[in-house]
Amino acid sequence: MDKIIVEGGQTRLQGQVVIEGAKNAVLPLLAATILPSQGKTLLTNVPILSDVFTMNNVVRGLDIQVDFNCDKKEILVDASGDILDVAPYEFVSQMRASIVVLGPILARNGHAKVSMPGGCTIGSRPIDLHLKGLEAMGATITQNGGDITAQAEKLKGANIYMDFPSVGATQNLMMAATLASGTTTIENAAREPEIVDLAQLLNKMGAKVKGAGTETLTIIGVDALHGTEHDVVQDRIEAGTFMVAAAMTSGNVLVKDAIWEHNRPLISKLMEMGVEVSEEEDGIRVKADTKKLKPVTVKTLPHPGFPTDMQAQFTALMAVVNGESTMIETVFENRFQHLEEMRRMGLQTEILRDTAMIHGGRALQGAPVMSTDLRASAALILAGMVAQGQTVVGQLTHLDRGYYQFHEKLAALGANIKRVSEA
């Protein structure tokens, strides 16, 4: 098991950093490659992450040919032959996002069996919205133990209202609807950039998806889809993480290829704090002096609100800002576990249900800490950069699910950081 060692206290990040393709986009894109019964699908700008390897194995387990060229960051998928309808348990159980293969397998085969998914332990994350939507489209759903079985000779278009704009459920239902008979409308749909990216891929495959990025999606079913080529959108969460890293170290960093519109909620809060954020031709530049930053209140919301996947990193920034900041987490429960670890570093915080009060400006001290989930891993590493002394971050399996060469990118910007293998 690896660990990351950070020598903090004097870090001031400077330079430029290249952002990878989005983890939260490529996983549903890979699920979508199950749908075409003709031709091959080529995905480019693919991030090299453990979750991507897991999803590759899920798709490959359906008797689909999957070739991952890590050097080129490309995945070529050929699902043109007959495919299996049971997703492999050993891989589905490792990752929450694997539930999005349920809709594509069902739409393609008329039958699908998927185990309950695994992944980060940051709340219950129920999948009832996925199942209700498929039932509205005519599927019969049964749950037996840890398995979900769905059956429908031919899915039918339906009007679906989602009680919550779930990203995963929107993706699952959108993919299933592409091969349904008739028109499907999804109201209160998720609006994230990753939804738009998926819709673009589906339309290149021959689907008829309209309204991506708005509250209402309309999908007109077609008889079959075909392979295509698609470039994975840039990772707004990785970009946001480096923006926060620059701000909390009084740095000056150009985040290359970052998309302003995708990061607008985060940028707004950084600017409210007093961080200088500017759009340049090849990315977004972030400059800050932490001594001049002001405390803020942030509430996480579905897009276009402040992203829950930036909550942990932003609380690390709050820790270095003089005064009392407030973080309200409305999307997932149980997502303040990283603050318990940061208390070991001297953070003063009070947590009451969905709200954390951060008493910032007091010097953090290096300490051994453990990652509790993907984004917490990044937050603890960032906190280590500004803490006095050495911080050792363990349990890096979470980090590798969503960040590629994170420590190397930080080191290139000036951080005193290394990754070592534990004996």
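Any Cβ shown, glycine's included, is placed from N, Cα and C.
What you see is a predicted model, and the numbers here were worked out from it, not measured in a lab.
The active site, proton donor annotation in Swiss-Prot covers C120.
Annotated phosphoenolpyruvate binding site per Swiss-Prot: K23, N24, in sequence order, evidence recorded as sequence analysis. The Cβ of N24 (phosphoenolpyruvate binding site) has 23 other Cβ atoms within 10 Å, all protein chains considered.
The feature UDP-N-acetyl-alpha-D-glucosamine binding site is assigned by Swiss-Prot to R96, R125, P126, I127, D128, L129, D309, V331, with sequence analysis given as support. Following the DSSP three-state reduction, the secondary structure of R96 (UDP-N-acetyl-alpha-D-glucosamine binding site) is helix.
Per Swiss-Prot, 2-(S-cysteinyl)pyruvic acid O-phosphothioketal is recorded for C120, and the stated evidence type is sequence analysis.
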Candidates K23, R96: member of the binding-site residues with the richest Cβ shell (10 Å): K23
DSSP three-state assignment for L129 (UDP-N-acetyl-alpha-D-glucosamine binding site): helix
CB contacts for V331 (UDP-N-acetyl-alpha-D-glucosamine binding site) [other CB atoms within 10 A, all chains]: 21
Cβ neighbours of D309 (UDP-N-acetyl-alpha-D-glucosamine binding site) where a neighbour is any other Cβ within 10 Å: 23
Secondary-structure category, per DSSP, in which V331 (UDP-N-acetyl-alpha-D-glucosamine binding site) falls: coil
Minimum Cα separation from K23 (phosphoenolpyruvate binding site), reported as the residue among binding-site residues I127, D128, L129, D309, V331 that achieves it: D309
